[in-house]
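According to TrEMBL, the protein has these features:
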type	residues	note
BINDING	A:ALA158, A:PRO159, A:SER160, A:ARG161, A:CYS162, A:GLY163, A:LYS164, A:THR165	ADP binding site
Number of protein chains: 2
Amino acid sequence: MPSGSATAPTPVFFVAGGTGISAETLGNLMLQQFPSLSFSRRKIPFIRTVEQMRDVVVELDSSMTEQVTPLVFSTVSDEEIRQELLRTKCAVIDLFGPPLDDVERVLHVNATHGTAALHGLGDTRRYDARMKAIEYAMEHDDGASLRNLESADLILVAPSRCGKTPTSMYLALQHGLKVANYPLVDEDFDTGDLPRPIKDLGDRCFGLLSTPARLSQVRGERRPGSKYASLAQCSYELRRAEALYRAHRIPSINSAKMSVEEMAAVIMQSAHLSSLSS
Amino acid sequence: MPSGSATAPTPVFFVAGGTGISAETLGNLMLQQFPSLSFSRRKIPFIRTVEQMRDVVVELDSSMTEQVTPLVFSTVSDEEIRQELLRTKCAVIDLFGPPLDDVERVLHVNATHGTAALHGLGDTRRYDARMKAIEYAMEHDDGASLRNLESADLILVAPSRCGKTPTSMYLALQHGLKVANYPLVDEDFDTGDLPRPIKDLGDRCFGLLSTPARLSQVRGERRPGSKYASLAQCSYELRRAEALYRAHRIPSINSAKMSVEEMAAVIMQSAHLSSLSS
């Protein structure tokens, strides 16, 4: 009987010496390739000693049944702890096994097998810069502060509720970019010029759009039945915003069908921005 | 000659059908195992056709030199596009090769090899909930709004500048949790009680601490030479905050030596919270 049938979700574990973010993100990406199955997930981060791993193996093995072999995605790098994990009866997808061996072969250097801490503090100065980017994004959210706009790496421009805020936060948090965002309102469409505060900063602006239906839906959740949420108003603002972007050669994307992660990747690619953290 | 010597950083590419977040996060985790080498990184996301991949392969191959074999981390899942990538002369760490084959073997089901989109919109309702979590975190940052605190999944409590804001944002953005944060000030230490707005919500509070030296440094950047940034004041607030947490059995962590990612992982584990997105 195939494991993971509708009646028995396959247990999946993400085991790591650090936060488990890498094991989880790659593991979940692979599991998406099996849409007919269901899974129950558990993350077990910060395994730093052989003794801790011994307890983990007991837990893993207790989830085995005759029908189902649990899957374990591991990014444990310490060699001794890794060997302890490999004693489990579960199936281990050891991301620090063969793939890392391949990397070693290419680089002609042995891996240190120290505890990996990609998501640790790392370089404090770089980390502090990331934290400052979040602060900057908070202060410059929705045009809240127009001071110091010229020090932004990027200014997201869009009508209300097109996704400026979450996208700004994501870019700040994940990539350490100082992102301001500027809301377009009806008056901004009067002259055909860029609004005064961003007039000379067009080269670092990026526009967001949406579809009238999606925008109307999102606005309706905030102010049901309002003119603000009406299809006509949404449609008008999007049309004018698009014209404004085009006139000023501001690149733009439609946020209606994209996640913040996708928008961030597209924006960075298009604006030739690179992550502070890489 | 080993590749990646000080004079020639090894080119590293992250190639993906989607955002490239998984390839990048796991690849960077592996590269940390080679601290003596240097790398130049480039992400190539959203490769959706064989033609696009053909261009990518040209670019990859042009970065080959006699001395250096570039590394390519790939999470391309479409079989035809993957095969095209494997024509490169660079070394491909194909995360959707052998590791995915292992997963297939365990699950007794073939992978769909559809374009993976872990970081896409996915389930719109779940995505919208994540976006609402960000909105909630923005509205409830630094005690800005005390309305609706009882609907928080988590309330971070701490003296000013201990990391409440970035940690709240991270938990909201990555895990879809509704996180409020509440700043402790001197008056909150007068009675020994929890501050009134969170008095009955102690079970969902989590405390942050720091070290006096680190807190004084961070505050000093905002208000140099102030009483607020003085070692004595920082030390006092941290001592009283810690006593308050202990008296009310509020779990806490020290943010001085941890990244937001690490804090988020510890907090979720300790508070038995699970990610909305898994």
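A Cβ is built for glycine as well, from the same backbone N, Cα and C atoms used for every other residue.
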Chain B neighbours, filtered from binding-site residues A:PRO159, A:SER160, A:THR165, Cβ-Cβ distance under 8 Å:
A:THR165
Cβ contacts of A:PRO159 (ADP binding site) (under 8 Å, same chain, 6 or more positions away):
A:PRO183, A:LEU184, A:VAL185, A:SER210, A:LEU215, A:CYS234, A:GLU237, A:LEU238, A:ALA241
Cβ neighbours of A:GLY163 (ADP binding site) where a neighbour is any other Cβ within 10 Å:
26
Say we define neighbours as other CB atoms within 10 Å of the CB. Which of the binding-site residues A:ALA158, A:CYS162 has the fewest?
A:ALA158
Out of A:SER160, A:THR165, give me whichever of these binding-site residues has the highest number of other Cβ atoms within 10 Å.
A:THR165
What are the other residues, in sequence order, whose C-beta lies within 8 angstroms of the center of the C-beta atoms of A:ALA158, A:PRO159, A:SER160, A:ARG161, A:CYS162, A:GLY163, A:LYS164, A:THR165 at the ADP site?
A:ASN181, A:PRO183, A:LEU208, A:SER210, A:SER255
